[in-house]
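Worksheet: one structure, shown below.
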């Protein structure tokens, strides 16, 4: 069974390595072109391209597969049996979807039909979902709308950030792809309809939940609004890790880890803090700096405790060290 693998980020690269290690024949990889990354804006290959080169697999890079007639023809000539797509970053046109005789299959990091689109892991955390997962689906022209042949779920822990959850889902995806390939190879000679029937594919209209859209994350999304409630801010910091940021004295500060302050219970003291915030405290205002605990500041409701952060031009550090680097004091306001 000859496979063409489509993917771009580290998440997908781990899937590629797993498939090759399992003994499957990956005859080519399609990925996004090299892009400028890091502080020096050095032109760098995608993690999938790096993995493919390590594995001596031919690589095709394309800005737009829909417009790239040359790559389309090269792929057609490969006569692959299966296309596997994992976080490729482009929508595949029908003429590509129709090429492999055993179909095009996508591993998507959500419990479909929830969070169709480019950033399902980010939005599941930002939205404070308690559960997410992996779906293996047959690809069609719609955005992540195809019938599902495999699904596995995982609990989103309170401590999960984007990196932690992405790594867990990548391992789940690798496992489900291997399970799916074992079944797909048994459908040789069947047309698409018969193949899906043999694989017990489930139409998404018969799955739990309502459709939702996980749009691409923008730079503007990463800016923290301290006027929001504490829980919403925490979930944004976790879901956009390590990119959620604020400003102080026109310098960018990335907030890497924060928690709702542990004294935010139903005690009279806690309620007094909340009540004071309505009258005396401004969202974003620092109300405590402590060497052991860090920086505590107000939100729209309860205070949060910043544990780790990164001032632009500096390395990531604990928030007390950040307060020294930034010359922060009690009553100063972040976001300005």
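All residue numbers here begin at 1 and follow the chain in the order shown.
Just so you know, glycine gets a Cβ as well, placed from its N, Cα and C.
Features of the protein shown, as given by Swiss-Prot:
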| type | residues | note |
| --- | --- | --- |
| BINDING | 110, 111, 112, 113 | (6S)-5,6,7,8-tetrahydrofolate binding site |
Given the binding-site residues 110, 111, 112, 113, the candidate whose Cβ has the fewest other Cβ atoms within 10 Å is 113
Other than 110, 111, 112, 113, the chain contributes near (6S)-5,6,7,8-tetrahydrofolate (Cβ within 8 Å of their centroid) the residues 108, 114, 115, 116, 120, 133, 135, 144, 204, 207, 209
